[in-house]
Structure formats: C-alpha cells, structure tokens
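Annotation source TrEMBL lists active site, nucleophile at Cys147. TrEMBL lists 49-109 with the feature domain 'Acid ceramidase N-terminal'. According to TrEMBL, the feature domain 'Choloylglycine hydrolase/NAAA C-terminal' maps to 147-276. Annotated signal peptide per TrEMBL: 1-22, in sequence order.
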Amino acid sequence: MKPVVVFSALLVLATLLPGSLQRNVENPDFKPNCLVGGPDIYDPTQAEKVMWFDVNLDLPPRQRFQQIAKAYKNEIRAVFDVLNYFLTIIPGVNAWELIGNVTASALDKGMIMNPYKDEVLGIAEVLEVPIGNLVFLNIFYEMSRFCTSIVAQTEDNKDLYHARNLDFGQLFVWDIAAQSWGLTDALKKVSVNINFFKNGQLLFKGSTLAGHVGVLTENLAMKPHKFSLSMNAKVQPDLINVAKWYMGAYENTDLQFVMYFERWLFENCDTFQVILLKTNSLLQCAREKIAGVKLLTGAYFILGGVNPGEGSVLVRNTTSVQFERKLFDGDNDWFVLQTNYDPDKNPLFIDNRRDPGNACMNKLGRSQVSMKGIYTVLSSKPTLNKTTVHTVIMSVTKGYFETFIQKCPNPCWAF
C-alpha cells in the first residue's frame, strides 16, 4: 500500500495548490504578444515533419500500435528517462519503480479495459519496458494536459476550423542550457499523426504521442466531413478519483478514462448529429454520448461539426454536463476558445491564456478564419509557451489536418 499512499499524497497536494493562485491579473514580465497583423509565420511544409501512421483496428490489439513503437522506441524510452529522473526527488524511494509496480497490479486485476489493455501490452513488448510504467504513462496524460482549443466559423458559414495547442511537461526537469522543460522536449520527439482504419475504410484521424493508445485529441481528432473533437483537462481535475482507482475503489464499475472514451466515441459515433425519423426528434450523437458517460475525471470536450453553428464546449464533471458554450450563443459567438478553467472561474495568474487568446481571435476577425489565421493565434504568446508541444489545426469540412511542432522563443513564459 505504501506506493499508493505516496502517489495519493502527491495528487492531493496537486489539487490544493491551484486554489491559492487564482487571481485575474496580467503577468508583468511576460506580456501577451498577438502575432495577427505581423509577418506571415504559417508554413504548411513544416507540418510534414510530423509522421503519419496507419493503424488497422481489424488487427489483433497487440499488433495495432507496434509499428509506431518500433519507429519511436528510443524516443519513448527517453520520455521514461525524464520521468524516472524527476521522480528521484523523493529521497530513498524509487518512486518510478513503485508507481510502475502498483499500476501493473491494477492491470493484472483487469482495471484497464480491452482492447486498450492488449494494445499497451503489445507496445511494451516492442519497447522492452516495464508494463506498469507504460500504463502509468498513458494514465498520466489523463491528469496533466494544459491546452488551448478553438472552434471557429468562417464568415461565409461554409467552413469550420478546429485547432488545439497541446501544453504538457510543466515542472518536469527544467533544462537551464536549453531554457526549456525536459519532458516537453521529449514529447515533441514522439508526436505522431494516425489514420485509424476499420474494414478497409478510413474511420478517423488524430494526433497523439507514440506509446499512447488513445487519441490526445489528447491532441485533436476528426472524422473527415463529419465531426471533430478535442479534450482539455481541468486545472483541478479529479485526481482524488485517480488515487481511489489505484486503490481499487472503482473495480467492476462503468467509470471510464477520458482518453479511451474519446477513441470509443470516434469508433462508434458516426456523425455530430443523428435524426431519428420515427420520433422526429433531433439527437446530437457525439454530444449525447459525452453528456451521458461516467468519467473518472472531469474535462472540457470541444466539438465541431460540418454545418453552420455546430461547435460547442461541454464542461463535464464525472457524472454530468455542468455547462455548455455554443457557437452563436453570446459574446464572441463566431468562435469558442477553451483553456483549462470553468467559464465562471478566473484562470491562474501565472497561466492566463484565455483572455489573451480571446483578444487575439477578435483581432484576427471572422473574415480571416483559416488554417493560417488560427495557426497565427495559437503561435501567439502566452497561448504559445514553454510547455507547448505542438499545434494541430484542421478543417472538418475540407478534410485538412496539420500538426506543427512548436518552439517558444525567449522571452517566453514557462507555463
């Protein structure tokens, strides 16, 4: 039980800290810098640096992700090294090994559902790493994503763009020489795009990190010409629930990890909305599933469709929708921008990406909504910061999908 106690204590501390830092003030040393109206920084050829892989969901689960694991074996092991090094901060305790052992025990008890369990086992075989640490890495992404998502409608209502910055790695080993976070840099090297196929047909595409079997929509994912989805973690996620999960409190329940639910949604929900002719009622498929699923942690689900106005942010707790923001519903109604805070809560004063992001989108204007325009906003500080791993931009209506590895030049805020 000792590793669970150690891990739980860290999680409790993490949930308490943000509450003491919530003030809506501007950081005086790192002022926002919106790049809209400046030189053209959008270069679509840079997106070619992030590799594409095909994952065949008709293959046995253990085989599905092994080609990616083989291609990025050294890079994924480097991510392990950063986490192992960081966890040596606990004197006399090999926390990385302890966490791996506890997570492996959870796997043995069937607390990770299939096919994801077998998929992770297949990756571990290739990487030759402890299975518990690899599973923990997948779970870890559930708890620590700081991101900015945008859905925006063009002026002519013909196109809708969905984009997201993945911010990850804050507080994990600052490299003084490189002026960057060690974990963030390691994750940039494992960023990949995936086409998911089933029955010989493209089912959906998404951006994620090699070694992970969900979609970090995790960074962003879409069914071309149907719908798109990204998920942002809450700044104060339900980490106590994760600790309880480790202690076996949720065995034999229907609680789901967000990252695996996202993938299930793309495999099983075909459209943003479904018309039931027999009852003549409109049900929004993706929104209905998101609203009803029981989750281990709360999150923000950002949805986009193909028809005008099909964009929303669903604020979820573990059991239900707390709030929903929609396109064309109030201020800034041609776009929605979501970071990691509830709409009625001020962001941390050290992490206010929301207000500068909204201001930069308004400076862009609806007439300039495009791949180039949204990329410029997401490359503006502090939306772009030292933890930004990559930016994903896509158009569901046109089928565009581009991922860019990011770098924030100094002076740049660390979070």
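Each residue, glycine too, has its Cβ placed from N, Cα and C.
Note that this is a predicted model, so its numbers are computed, not measured.
Mapped onto DSSP helix, strand and coil, the domain 'Choloylglycine hydrolase/NAAA C-terminal' (147-276) counts 26 helix, 51 strand, 53 coil. Every protein chain shown contributes to the tally, and the Cβ of the residue listed as 'active site, nucleophile' ends up with 28 other Cβ atoms within 10 Å. According to DSSP, the secondary structure content of the domain 'Acid ceramidase N-terminal' (49-109) in residues is 42 helix, 5 strand, 14 coil.
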